[in-house]
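Features of the protein shown, as given by TrEMBL:
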- B:Leu28, B:Leu64, B:Trp357, B:Gly364, B:Ile365, B:Ile366: FAD binding site (BINDING)
- B:Gln136, B:Gly137, B:Asn138, B:Val139, B:Arg180, B:Arg181, B:Glu192, B:Gly364: NADP(+) binding site (BINDING)
Amino acid sequence: MLVSRVSRAGILMLRGLSRGKLTPITRAGYIQRPYGQYLQPWFERQTETKVFQGSIFLKHHNFSTTTTANASEEGSEKEETISVTFVDKDGEEQHIEVPIGMSMLEAAHENDIELEGKDSDTYLIQRFASLHLSNFVLLGFNERACEGSLACSTCHVIVMDMEYYNKLEDPADEENDMLDLAFGLTETSRLGCQVIAKPELDGIRLAIPAATRNFAVDGYVPKPH
Amino acid sequence: MAIFQARTWLSRKAEVDIIDRLPTPFGLVRSGVAPDHPETKIVINQFSRVARHDRCSFFGNVTLGSSVSLLELRELYHVVVLAYGAESDRELGIPGEDLVGIHSAREFVWWYNGHPDCKNLDLDLKNTDTAVILGQGNVALDVARILLRPATELATTDIASHALAALEESSIRKVYLVGRRGPVQAACTAKELREVLGIKDLCIHLQEADLLKTPKDEEEIKNNRIQRRVYELLSKAATTGPSNPRSGQRELHFVFFRKPDRFLESDERRGHVSGVHFEKTVLKDVGDGKRIAVGTGQFDDLECGMVLKSIGYKSVPVDGLPFDHQKGVVPNIRGRVLHDTSGDPTLLEEGLYVCGWLKRGPTGIIATNLYCAEETVVSISEDLNLLASKASLPKPGREGLLHLLDNRKVKFVQFSAWEKIDSTETRLGSLKNKPRDKLTTWEDLLKVARE
């Protein structure tokens, strides 16, 4: 009983964390200093694609924190939203409205998509367990370790309808590099940080992969293919 | 090493103490991740939040085995989790391996990342223009990239200052990445490969004949997205790369189907390496769809003044810890440490757990470690449930550890002391336009921690 509750709670937390529920401070810190000292070298050596992505990222920032200002200054166009459904591993659906221009990762954040069953001990222990487990191929932290800088695959989502998948721009090489390492990769997998809301995507359904859950329950170790 | 104290688990008041032999936390995020991968290090933000948690304490500068024994820890805590990874190296076991100029990639990585144990690595980058890296995994690519990237580009990273100074004066222009198998089997991932191929003004060499695929290769590629994309990148590099390097231009050579047979000693500089004698290989089926590289009896040499072995890490046991020397891991079932290597699941070491590289061996990406940790945590949860029903005795926990360390005059470094190191490094870094300038000696680290 406890076991299943604990493991479930842990997973829910991890899943919640992947949407940053517990990371508001960091997130704000990062967003506000994209040209800060720490990240400067990284931005400086971006390829064109990445710079482009970087600018999208900055754009989210504007939308997510100064929506009102934008709306009043630039008219009503920017207030437009599309409807997005997140489907979790149990098939439970969450419908949210996402402003045009915002990434699905940010949108999931802003909407606090679930964080039920928070268990601080399990959280603590799990954070610990991974605290000292590092690896030279540091690409796949949980809780979107890279904070949107396209350096991990933790915001992996699966576009549920091919029709919508085809409306997305093809993933850039850098996104594909990260998807290589995502668990439970499918033909319609994308990184949530790279799926940007646009009018054609109204009604899109995104499944959140259930690799973690499967593992904890049956001992299945997912292979990073 | 991470320790999980779960004294009052059921009341949800577990305390967790982390013990680390270094005065600095974050393991390989600090000493392993390359300095030019700052985005990967962002995860430190999350780690720090955990470490600052009310019921969590960090004890740096405490060495398992000398400051405190495993037996003592097990007496102090209900649960001990070993997560100290792999701090040693696999060896090739071939003649000449101890010649001067041959290092493990781990040592080189520790050196450029300012690990206090490798600051004084006897690394000579000025006496040769050629380095051979044995292995083609991501560590090998990291190492190649650091050697080949213009030092000016590294100057604004958190690379250790001694390493930057040495790289600025480096005479190395040619780097060979040598693998026993072919481009289809290269053990790297596309991101790292793309990065090294994209180094400014670098001339890439690889034999087009090596790119020919057998039907078996085709099958492998079809079933593995990573291998497919790595192969595609290599093929593309082979066809688009400039063929004739200008004089002084840096070169990266991918060499496939070669296994090191012995190291060659220099005639002029006795005791120094002057090259590697390789045996050509072919792939041979060994069943299960697995293929290994076997020697063909044909040999060739590569001249070089430096060799970095990137062939894998090895965990080291501590006293009182069951250890499988063959596999280099602690025998365990889902993180529960077993009494011996017989695999008998009933012989459990109570309260002792393992995760990460020490549990599985030094492979996989970080996410693999996350699942690995989750598995161990589930095992702990299950066992604690039983432990609670047995109404086990309270244990001294953190208080006991403090007492013990105090008695032994072990001067541990708490998280707040690490934060002093952190801010000092950041401040020093800002003077040099670096995100941080790492303190790289034990003395400096401990001095700042105690200020």
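In case you wondered, yes, glycine gets a Cβ from its N, Cα and C as well.
Automatic, uncurated: that is what TrEMBL annotation is.
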If we check Cα distances from B:Arg181 (NADP(+) binding site), which of the binding-site residues B:Leu28, B:Leu64, B:Trp357, B:Gly364 wins as closest? B:Gly364
Let me make sure I understand the structure: which of the binding-site residues listed (B:Arg180, B:Arg181) has the fewest other Cβ atoms within 10 A of its Cβ? B:Arg181
Taking the Cβ of B:Trp357 (FAD binding site) as reference, which residues of that chain separated by at least 6 in sequence fall under 8 Å from it? B:Gly85, B:Ala86, B:Tyr313, B:Ser315, B:Thr363, B:Asn369
Taking CB atoms only, which of the binding-site residues B:Asn138, B:Arg180, B:Arg181 fall under 8 A from chain A? B:Asn138
Quick one: of the binding-site residues B:Leu28, B:Leu64, B:Gly364, which has its CA closest to the CA of B:Arg180 (NADP(+) binding site)? B:Gly364
Residues near B:Asn138 (NADP(+) binding site) by Cβ (under 8 Å) yet at least 6 apart in sequence within the same chain, in sequence order, are B:Ala187, B:Cys188, B:Thr189, B:Glu192
Here the Cα-Cα span from B:Leu28 (FAD binding site) to B:Val139 (NADP(+) binding site), rounded to a whole number of angstrom, reaches 12
